[in-house]
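Visitor: Pasting in a structure now, in structure tokens, and then I'll have a few things to ask.
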Amino acid sequence: NISRFTAFAEEWFILDLAPKRSSLTGPSNGIIRILFSVVYVTILLWMIVQLPSNDGANHSDAKTQRDALLTIAALAASVLVPGIFRFLVLSAGAIVAGLLPLLQVIETFSLIWVLLMIVPGSTVAGYTCSFDGKVLPYKLNGLAVLFVTVAFYYGLCTAGWKDPTYLAAHFFDAERPVDAGYQRCLTRDQVLAAPKNENGDIEDLPALLAKLPVNKNTIWALEYFNGSFFNPRVFGVDVKMALYCLGAVMLQLNILSMAALHTVNNGGVTANAVTVYVFIFTWFLIEYSYYENVHLYTYDLFAEKIGAKLVFGCLGFYPYLYCIGGIVLTIYTPNTNSAYGPTFLVFYTGWFLTRGANMQKFFYKTDPASTTVFFGKVEQKVIPGSRILYSGFWGVSRHVNYLGEIIQGVALALPGFLVLYSTEPFWLCLVPWIYPLYYVCLFIPRERDDNEICRKKYGKAWDEYCEKVPYRIVPYIY
């Protein structure tokens, strides 16, 4: 156990979580490890000291900051429960070895967060607003962070300092803030439409806030789960956008690591199913990161809050369940030459529906005076007296974008399913379908919740929209 602990202490501070592959030896590298550890711990301590930060929106008091820190500490403790259990049943040497995968994840998330702070990106005015009526700015550098992170780890793997198969091989191993009282946050169109005084400030902010849907739920457990803060900031980085970026980058690294492990296990040959799976999922993540500005106008930004659900979803569920179809491709690696053209067709059909619907709404929200979209091919029609679109994609169903995401999930399940269905038990063939099933379970209740909030917000205009567009998600079916 002592030797294991010593080996661990010598290796991990150089970011080498696969000691057998390390090419760094000798006294000079011991000095490097010590210097790195000092810098690393100093940065962590500085981040802890600076953590009580927010968006400056009427909840900057010490008690609220303390409660936010306690919430973060509770979430961190929930992540460390498996480690505590291991400590109780295993020796000290074994527990150190068991923590290596967790340390790798912490390292990656820390790197991404630092990159979000320092990588250049365009700063734009978002759609969401703080609760004192100020439009929130957003720094859009997610795509650059994705490329830099992947390139960084590619360099480490090429140099022999890291094992590219590591992630896949260890895949298994108070006072309520203002935000808590509302189901949706203020948005830019609401602030722009509100009467202003001679200084440009909103004349009657309480009246404007009174128009927001109120969260009547005061059960602390549900608030802990659903969250209390809409748009907190830490070191100038929007926490919600950072969580989505953390999840996306970690998911990309997991997918690439799975492909590497598959190739190693398959004698240096990459099966067609894996190539297709990695390509379409990488497209999904790059395209998502490229359109960060569109993401600012979606449900995720103006309706979701920072809580246990979102933190776990972005840091655990997103990077580790979305790629469940890749797990079976890593374990079962036949070198098939089957045609996967239908997979591309299904995926890009879903992408067309999701991206098209989101872009149409984005164009309307940013330029409501425009009467057409998509090079004049689609007319922008709205219910009179409201901002409810009922033409184009939004005339197909009330949430056609959800349908597109479900279809994309089906496409990402197909490669694993096609590899397994002819040779493996039926229950195993169903594993890749957990991903699209998750979308179904997510979007049906979300649509119901959104429908009730919109009915209260728009009244008769929403009823008229439901008459014009009777289908919730799937045309002629649901």
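For all residues, glycine too, the Cβ spot is worked out from N, Cα and C.
No curator has checked TrEMBL annotations; they are predicted automatically.
Features from TrEMBL:
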- 30-49: transmembrane segment (TRANSMEM)
- 69-89: transmembrane segment (TRANSMEM)
- 96-118: transmembrane segment (TRANSMEM)
- 138-156: transmembrane segment (TRANSMEM)
- 241-263: transmembrane segment (TRANSMEM)
- 269-290: transmembrane segment (TRANSMEM)
- 310-332: transmembrane segment (TRANSMEM)
- 338-354: transmembrane segment (TRANSMEM)
- 400-419: transmembrane segment (TRANSMEM)
- 425-445: transmembrane segment (TRANSMEM)
Visitor: Quickly jot the same-chain residues contacting the transmembrane segment (269-290) by Cβ under 8 Å, restricted to those at least six beyond its ends, or write none.
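Guide: Cβ under 8 Å, 6 or more out: 142-143, 145-146, 245, 248, 251-252, 255-256, 258-259, 262-263, 323, 325-326, 329, 333-338, 340, 343-344, 347, 351, 355, 408, 411-412, 415-416, 418-419.
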Visitor: Cβ under 8 Å, sequence separation of at least 6 from the ends of the transmembrane segment (425-445): give me the contacting residues as numbers and ranges.
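Guide: Non-local partners: 321-322, 324-325, 327-328, 399, 402, 405-406, 409-410, 412-417, 473.
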Visitor: For the transmembrane segment (310-332), what are the same-chain contacts with Cβ under 8 Å, counting residues 6+ beyond its ends?
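Guide: Contacts with the transmembrane segment (310-332): 75, 79, 109, 168, 171, 227, 240, 243-244, 246-248, 250-251, 254-255, 258-259, 261-262, 265, 271, 273-274, 277-278, 281, 304, 412-413, 415-417, 419-420, 424, 428, 431-432, 434-435, 438.
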